[in-house]
Amino acid sequence: MKTKMFGLHEPICIKLLEQAIELKDYIVVRMILNQQENINTYKHFNMLRKAVLNHDHNLVNIFIDKNFNINIADSVGYTLLRYAVEVDDVNIAKILLDAGSIINKNDYRLLHSAITHENKKMIELLCLHGININVKDDKGYTALYYTICNNNYDMVCFLLEKNADISIVNKYSMLHFLSTSNKYHNVMAVLLDKGIDVNIINHVKAPIHVAVERNNIYGTMLLINRNADVNIKELHGGRTSLHLAIKERNYEAAFVLINNGANVDSFDDVGNTPIFIAASLQDVRFMKLLLDNGADINVRNVFGETPVNMVITGGSKEVTQYTVSYLISLKVDNIVLNDFCAYKQNMNLIHRINYGSPRLFMEYIGDIYEWHLPYSVLTDDKPINYSKIQSKVSHNESRFLPYKKRYNYNNTLIQ
């Protein structure tokens, strides 16, 4: 094939065109294009693609003036508009759109590429031409989700102004992701102000479960202040935020939860309350925190176990001594028991220590002998022993009070 004017074969003409483009000799470019019968070829597209990547606005306009089909796509399905967005060239993108470049409103690659550059003008331009701001990618994530991941406060606010939907979720909601770290607190506050569901459970957990597990104290408090349910349970397992805080040894999170109404005796699906976890961890801090705030140690799970089973199995002298002392204090103070059988089971468990390690047992209950309390307190729960204990305590107040002070019991909370 020859051109009209030059009488040259097409390959030679294409070569001359490429050289003229490289030299940015736009006069020659126009002359060659004028003489070519068909400029909507892959070779011409490739020339223009390079022009877009090199931000050559003049060449783009020349091709458009010569009626080049700007909606041609290459072998991977990319149009010139897609390349303009990829190189973040708003001017070329506008030229193409004004010239009739077609936008697939559900082309997530186009929008998400613009989001990568965080260019508000480009996103504004795409929205003006009908892009779906809430289109999901093949993983189910939207532009807003990726912007949140980048912790870009201004861009999040911008997308929300463009009606980005905060309720779209995949495996985790946007609020679940924000709950993973304190650094997202500003963006979290924006979404909460927009009314995102603070108690949404996606997959297994609610946002407060995630915040507590990650020891995100600020996020935990922010969620609570926006009416997050501190006692909401996992979809599978039935654990509450307090269960999780203790499991992860996040003391401050546990303290915040309890101070904001967390149920210290909430059961999971197998009947374990938070104190079961504290006992299994052999952590006296959590044992004391829970018991000081009214947790019941005389409780059994579906396997018939009490927290004391775990205390003794763990073998921590400090935790065992604290637990023994606490159980004895319940009897001394004549606390009303919710599950007398569980209490009896606990006392029998402790009494067995005497058979396995008498010396250790004597260390645990040495203070009890100092009170001159009857030994039967460990094994016999007849009412007559209550009167004996109360009588002994009243005659040995000077010894009893220092003991209580040593373990810092707060029995008004226990009741």
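Cβ atoms are placed via backbone N, Cα and C, with glycine included.
Feature annotations, reproduced from Swiss-Prot:
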REPEAT    12-41  repeat 'ANK 1'
REPEAT    43-72  repeat 'ANK 2'
REPEAT    76-105  repeat 'ANK 3'
REPEAT    107-135  repeat 'ANK 4'
REPEAT    139-168  repeat 'ANK 5'
REPEAT    170-200  repeat 'ANK 6'
REPEAT    203-232  repeat 'ANK 7'
REPEAT    237-266  repeat 'ANK 8'
REPEAT    270-299  repeat 'ANK 9'
REPEAT    303-332  repeat 'ANK 10'
Residues from the same chain, set at least six apart from the ends of the repeat 'ANK 7' (203-232), whose C-beta lies under 8 A from its own: 171-173, 175-176, 178-182, 184-185, 188-189, 192, 239-242, 244-245, 248, 250, 252-253, 256-257, 260-263, 266
Confidence summary for the repeat 'ANK 1' (12-41), mean pLDDT rounded: 89
Contacting positions for the repeat 'ANK 5' (139-168) when only residues 6+ beyond its ends and CB under 8 Å are counted: 108, 111-112, 114-116, 118, 120, 123, 127, 133, 174, 177-178, 183-184, 186-187, 190-191, 194-197
Summary of DSSP states over the repeat 'ANK 1' (12-41), given as helix, strand and coil counts: 21 helix, 0 strand, 9 coil
